[in-house]
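Student: Below: one structure in structure tokens.
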Amino acid sequence: MATQRASGLLQRLAQGSLVKQILVGLVLGILLAWVSKPAAEAVGLLGTLFVGALKAVAPILVLMLVMASIANHQHGQKTNIRPILFLYLLGTFSAALAAVVFSFAFPSTLHLSSSAQDIVPPSGIVEVLRGLLISMVSNPIDALLNANYIGILVWAVGLGFALRHGNETTKNLVNDMSNAVTFMVKLVIRFAPVGIFGLVSSTLATTGFSTLWGYAHLLVVLIGCMLLVALVVNPLLVFWKIRRNPYPLVFACLRESGVYAFFTRSSAANIPVNMALCEKLNLDRDTYSVSIPLGATINMAGAAITITVLTLAAVHTLGVPVDLPTALLLSVVASLCACGASGVAGGSLLLIPLACNMFGIPNDIAMQVVAVGFIIGVLQDSCETALNSSTDVLFTAAACQAEDERLANNALRS
């Protein structure tokens, strides 16, 4: 009987809301650090194990996800929705640029266990590009062992294109391997509440409660940047497309898609909601049936913001100088990373080390930044998903309405 009760409890924990569990871990970590500093430092091992698990799974995750995505891509899909795809990519890049501006206007700092003396910063854009080129030609095994994400990305893209010409059995095997790695990532993520409990406890016990203000500032910068993109940048892109007041459409998408996505924290889970909204807006079914699932995969403005802001927070913390060309290159890298962040809980956080590599930041420190992301992830991930998913409908509607108006004008002229 006791065994059955224990099994039932574990099942409820495994199937329970991860957001609520992380909140509980966060609160318990704060309480433990306040009540007993030695105990809080002792449970820091839980946080160390969690970060170690993330470090172990992240390189193979990037390799398999990107390789499977390219290998299983359907030929000709892009041509049907070219204007929407362009808006997706432009919106993601614009979000990354906005995040760079926000990060320099309101610089955030993190509490990391390494000092600036451990970092050899690049002297400028030329050295950054040189480092990127050297990283690209790394041995694949060496890239995986040393978490060289640039090298991993190059090999994943190359193998993905090569496997496009393979038979279906091979593609299915790659897809199954990708699903298996994704399952392992989800398993690690399920331990996030325990890891956050250990990280928060040990961090507060070591650095004091002033650390909380640093996280609050970082969260304000992240959410503020997402609001800027949702209420200023995206409406400008929509206005450029439809040439009329974009805000009725913007608010409709935020209200009927963003709110659902905020609580589900999954662009994939929000696809049926977005499909229903597209039907309500009388959009072309052949278009949105392709663009909405595609948007859930590559339209990741929120992820681009998260990657950029957290990377620059680490850069500011370590005192690494950043010039304008390097910041622009970071926007491009963050946009590319964001497009590969779909389908994984915390996917944008796990791609932060790739952006950190640009500035010579070691993987150990980059994973501490990822851990900070998980601490603030209760709100960050919800806001990120709300922005991502609502933008899928917004850009689809903008492109469809612009095309309808073009056809109507052509009909009038003829």
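All residue numbers here begin at 1 and follow the chain in the order shown.
Glycine too: its Cβ is placed from the backbone N, Cα and C atoms.
Remember, it's a predicted structure, so these values are computed and weren't measured experimentally.
Relevant sequence annotations retrieved from Swiss-Prot are reproduced here:
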- 16-36: transmembrane segment (TRANSMEM)
- 46-66: transmembrane segment (TRANSMEM)
- 84-104: transmembrane segment (TRANSMEM)
- 143-163: transmembrane segment (TRANSMEM)
- 180-200: transmembrane segment (TRANSMEM)
- 219-239: transmembrane segment (TRANSMEM)
- 300-320: transmembrane segment (TRANSMEM)
- 332-352: transmembrane segment (TRANSMEM)
Student: Test of understanding: applying the rule of at least three C-beta pairs under 8 Å (pairs 6 or more apart in sequence), is the transmembrane segment (46-66) touching the transmembrane segment (180-200)?
Tutor: yes
Student: So are the transmembrane segment (46-66) and the transmembrane segment (143-163) touching or not, going by 3+ C-beta pairs under 8 A with a sequence gap of 6 or more?
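Tutor: Stretch pair touches.
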Student: So if I exclude everything within five residues of the ends of the transmembrane segment (84-104), which remaining residues of that chain have a CB under 8 angstroms from its CBs? That is, six or more out.
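Tutor: Cβ under 8 Å, 6 or more out: 78, 221, 224-225, 228-229, 233-234, 237, 241, 287, 291, 294-295, 298-302, 304-305, 307-309, 312-313, 316, 327-328, 330-332, 334-335, 338-339, 387, 391, 395-396, 398-399.
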